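These notes are about the structure you will find just below.
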Amino acid sequence: MKVIEGGFPAPNAKIAIVISRFNSFINESLLSGAIDTLKRHGQVSEDNITVVRCPGAVELPLVAQRVAKTGKYDAIVSLGTVIRGGTPHFDYVCSECNKGLAQVSLEYSLPVAFGVLTVDTIDQAIERAGTKAGNKGAEAALSALEMINVLSEIDS
C-alpha cells in the first residue's frame, strides 16, 4: 500500500500571501506567523515570498484569483480577520470569502490555504493570532507547504 503524505520543506516554492487590511492590528500578527513559518519550516527564501494587500476579506478571492492566474506561484496563503457584529453582514462576508477562495483553489489546481479568522470577539481573534490558541497564519502557511508537497507526490 502506498501512502502519500507531504512534509513541510519546500525551499524552491514561490508563495503568495494575500492579506486584508481591515482589522490589520490582528492580521499583521497572522502575517508575521506565516512568514516565519515559511522561512523556518518550509526553508522558503524571502525572495520567493510575495505579500499582496487588499481592503478586506471580501476582496481576498479576487486577489487570490489574479495571483493564481499569473502561474508564478506554488501556493497562496490567505489571511484576514472577520469579527461578528450586530448584523448578518458577518455571515455573508465569511461565506463568500470561504467559497471564493475554495473556488480559486479548484479552478487553478493550486493550494489556497485559509488563514482567515472568523470570530465572535476581538479577544478570540487575539488568541488565534499568536497567543493562547496559536497563530492561525502560521498554521495556514504549514498547510500550504504540506499541500505543495502532497500534490507534487501525486503528480510524480
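The first residue you see is number 1, and the count goes up from there.
Just so it is clear, glycine is given a Cβ too, placed from its N, Cα and C backbone atoms.
According to Swiss-Prot, the protein has these features:
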- PHE22, ALA57, VAL58, GLU59, THR81, VAL82, ILE83, PHE114: 5-amino-6-(D-ribitylamino)uracil binding site (BINDING)
- GLY86, THR87, ARG128: (2S)-2-hydroxy-3-oxobutyl phosphate binding site (BINDING)
- HIS89: active site, proton donor (ACT_SITE)
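Shown on the structure are the features that Swiss-Prot records.
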residue : record                                           : CB count, 10 Å
ALA57   : 5-amino-6-(D-ribitylamino)uracil binding site    : 27
VAL58   : 5-amino-6-(D-ribitylamino)uracil binding site    : 18
GLU59   : 5-amino-6-(D-ribitylamino)uracil binding site    : 18
THR81   : 5-amino-6-(D-ribitylamino)uracil binding site    : 28
VAL82   : 5-amino-6-(D-ribitylamino)uracil binding site    : 24
ILE83   : 5-amino-6-(D-ribitylamino)uracil binding site    : 17
GLY86   : (2S)-2-hydroxy-3-oxobutyl phosphate binding site : 6
HIS89   : active site, proton donor                        : 11
PHE114  : 5-amino-6-(D-ribitylamino)uracil binding site    : 21
ARG128  : (2S)-2-hydroxy-3-oxobutyl phosphate binding site : 23
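According to its DSSP assignment, ARG128 ((2S)-2-hydroxy-3-oxobutyl phosphate binding site) is helical. Ranking the binding-site residues PHE22, THR87 by other CB atoms within 10 A of the CB puts THR87 at the bottom.
Here the candidates are the recorded positions GLY86, THR87, HIS89, ARG128, and by Cα distance the one nearest VAL58 (5-amino-6-(D-ribitylamino)uracil binding site) turns out to be HIS89. Between the CA atoms of PHE114 (5-amino-6-(D-ribitylamino)uracil binding site) and THR87 ((2S)-2-hydroxy-3-oxobutyl phosphate binding site) there is a gap of 24 Å. Calculated from their C-alpha atoms, the gap between THR87 ((2S)-2-hydroxy-3-oxobutyl phosphate binding site) and THR81 (5-amino-6-(D-ribitylamino)uracil binding site) amounts to 16 Å. The two recorded residues, GLU59 (5-amino-6-(D-ribitylamino)uracil binding site) and the residue listed as 'active site, proton donor', have Cα atoms 15 Å apart. Here the binding residues for 5-amino-6-(D-ribitylamino)uracil are PHE22, ALA57, VAL58, GLU59, THR81, VAL82, ILE83, PHE114. Their largest Cα to Cα distance works out to 16 Å.
Secondary structure at THR81 (5-amino-6-(D-ribitylamino)uracil binding site), as computed by DSSP, is strand. Taking CA atoms as the reference points, ILE83 (5-amino-6-(D-ribitylamino)uracil binding site) and HIS89 (active site, proton donor) are 10 Å apart. Taking only the Cα positions, the spacing between ALA57 (5-amino-6-(D-ribitylamino)uracil binding site) and HIS89 (active site, proton donor) is 12 angstrom.
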